[in-house]
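Q: Right, I'll just put the structure down here and ask away after.
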Amino acid sequence: MAGQSRKWMILVVTIWLQAFTGTNFDFSAYSSEFKSVLGVSQVQLNYLAVASDLGKALGWSSGLALMYLPLWVVMFISAFMGLVGYGLQWLVISNIIIVPYFAVFLLCLLAGCSICWFNTVCFVLCIRNFPTNRPLAISLTVSFNGVSAALYNLAAKSFDSSSNDMYLLLNAFIPLLTSIAALIPILRQPSLDPLPDDAVKRDQLIFLLLNFLAVTTGLYLLFLPSRDPSSARLLFCGAIILLILPLCIPGMVYARDWFHRTIYSSFRVEGSGFILINHDDLELHKELISRETSLVDGVSYVGIGDGDSNQISERDTDSSEGCCETLMERDRLVMLGEEHKANILVRRLDFWLYYFVYFFGGTIGLVYTNNLGQIAQSLGLSSTTSTLITIYSAFSFFGRLLSAAPDIVRKKIYFARTGWLAIALLPTPIAFFLLAASGSEVALQAGTAIIGLSSGFIFAAAVSVTSELFGPSSVGVNHNILITNIPIGSLLYGLLSALVYDANASPNIDMMPNSLVCMGRKCYFLTFVFWGCVSILGLASSALLFLRTRAAYDHFEKNRRSELLY
């Protein structure tokens with residue numbers, strides 16, 4: 001029992017780490033002030049956002065560090081990288097020190113790298129302590145990374161609602177404080193013992209309750225905005241309580257089981273009770289767990305199956321006729337989970353379709369949030385920047401939670417995960433064209449919510465898709481190859497928006513005496529139209545990827561269901 005309680009404590013501190021280390025999502029809160037202090041153009045400001053995203057491409061270094069260092073040491077290295085990266089940026093924006101632009105670029109790069117290191121620590125914690133319910137643990141904790149901006153918005157307003165540089169100071173110290181709080185549970189990780197059937201069902205129930213609590217947290221942050229420092233402090237305390245409440249859920253479930261065993265069993269009526277998963281599912285779950293081959297970069301997935309049972313014969317696949325036949329059938333995946341090394345991966349058409357889905361879809365959402373501060377300012381809505389950040393953060397959180405939908409509704413409604421990606425991308429072009437058509441506050445908030453929901457789903461679902469399409473053993477390397485599109489997209493999309501912005505900008509002594517400011521819908525109209533068109537390309541890529549992989553998914557699901565009958 002003690003070991004079980006310690007593993008839930010580790011899950012809760014992992015939630016804390018994810019909730020307070022998504023520090024890149026609040027860049028737009030202080031970007032305008034950063035631009036003014038540094039006296040840089042919009043293009044140069046965009047390069048700083050690119051530097052933070054470029055740090056994600058260095059995430060592989062955290063896996064290398066874990067080969068030689070204890071987990072808690074890697075966690076504190078992550079915290080100190082953020083302390084230096086964000087702390088020195090705060091000194092710059094506060095005019096305490098003066099450093100060259102290139103030094104600020106390197107500080108942004110260091111801060112972005114710290115986020116990746118924290119993510120790796122969180123993945124490893126989930127995998128070590130929840131080998132049976134690993135996907136549930138990872139999806140739940142990763143979702144809380146989406147509420148970071150909303151939490152930092154409340155924290156900043158609690159201290160000083162008029163100073164945007166407070167975000168940088170909080171970005172520097174809160175992850176360090178959270179790491180200190182997580183230290184003792186990490187040092188006291190329990191030993192891994194096989195779980196009996198009743199324990200597996202109990203853990204499933206706990207995860208179900210934790211997801212309900214997560215939804216409550218997201219709704220709380222979304223619908224209770226702060227208007228002054230006193231209300232912000234009160235709401236921030238409430239958010240902290242909601243983050244602590246998960247500690248109580250396992251105890252309640254254990255107490256329920258004790259009551260069921262010691263008291264209720266005397267009055268038990270056969271056939272009653274709440275059953276989350278049936279015996280056949282448990283047996284299949286054990287069989288799939290036994291097929292695991294490795295654990296790479298803190299992420300591993302089960303249920304892929306062997307090559308013989310998942311081969312799709314040519315007569316089982318639907319061939320397209322006419323000019324599209326080559327595109328539909330050439331180099332097509334015929335089974336899920338087949339391992340792809342990097343040199344093979346980059347020669348697969350399905351990978352490049354998937355790469356474009358992420359590049360034209362999810363990455364645009366990240367670039368959009370980097371520009372939120374300037375977008376609001378150009379429309380004369382600077383006072384709503386913090387609200388927009390909260391909206392994006394909360395809906396990104398809900399999108400991440402919704403990424404578990406394919407597994408939740410699997411028994412009643414089966415749909416290939418690549419098809420869910422296409423559905424998630426569908427609202428994105430609509431949102432950008434809405435932003436281009438109207439410069440109202442309502443349109444801005446609605447577009448921000450839609451983009452946050454869509455990109456959050458894609459970010460959370462991407463690792464699962466990578467594992468299913470290109471193999472669980474190679475997912476660490478393959479996913480790092482996939483996310484190289486983040487700094488590339490951040491550079492290209494951000495550079496385009498910056499060029500359009502600077503072309504329409506003019507000096508504004510009142511707002512930013514040291515830099516050019518653009519006011520009006522013309523600042524981002526062409527950018528929104530371009531981003532909308534690009535996201536249509538992402539939608540088309542996702543639809544084509546779905547059509548090419550649907551047969552492999554259907555064949556795997558057919559095999560899975562046939563195994564349930566034995």
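Just so it is clear, glycine is given a Cβ too, placed from its N, Cα and C backbone atoms.
Just so you know, TrEMBL annotations never went through curation; they're auto-generated.
Checked TrEMBL, it gives:
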SIGNAL    1-25  signal peptide
DOMAIN    7-250  domain 'Nodulin-like'
TRANSMEM  66-92  transmembrane segment
TRANSMEM  98-124  transmembrane segment
TRANSMEM  136-154  transmembrane segment
TRANSMEM  166-184  transmembrane segment
TRANSMEM  205-226  transmembrane segment
TRANSMEM  232-255  transmembrane segment
DOMAIN    338-552  domain 'NFD4 C-terminal'
TRANSMEM  351-369  transmembrane segment
TRANSMEM  381-402  transmembrane segment
TRANSMEM  414-437  transmembrane segment
TRANSMEM  449-470  transmembrane segment
TRANSMEM  482-504  transmembrane segment
TRANSMEM  524-547  transmembrane segment
Q: Select the range from 66-92, 351-369, 381-402, 524-547 that forms the most Cβ-Cβ pairs under 8 Å with the transmembrane segment (482-504).
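A: Counting Cβ pairs under 8 Å, the winner is 351-369.
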Q: Do the transmembrane segment (524-547) and the transmembrane segment (351-369) share at least 3 Cβ pairs closer than 8 Å, excluding pairs fewer than 6 residues apart in sequence?
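A: Contact confirmed: at least 3 Cβ pairs fall under 8 Å.
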Q: Mind pulling out the one from 98-124, 205-226, 351-369 with the most Cβ pairs under 8 angstroms to the transmembrane segment (166-184)?
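A: Looking only at 98-124, 205-226, 351-369, the most contacts with the transmembrane segment (166-184) come from 98-124.
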Q: Which residues, given as numbers and ranges, are at least 6 beyond the ends of the transmembrane segment (351-369) yet have a Cβ under 8 Å from it?
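A: Distant contacts of the transmembrane segment (351-369): 25, 27-28, 49, 53, 149, 340, 345, 389, 392, 396, 418, 421, 424-425, 428, 448, 451-452, 454-456, 458-459, 462, 465-466, 469-470, 482-483, 485-486, 488-490, 493-494, 497, 531, 534-535, 537-539, 541-542, 544-545, 548.
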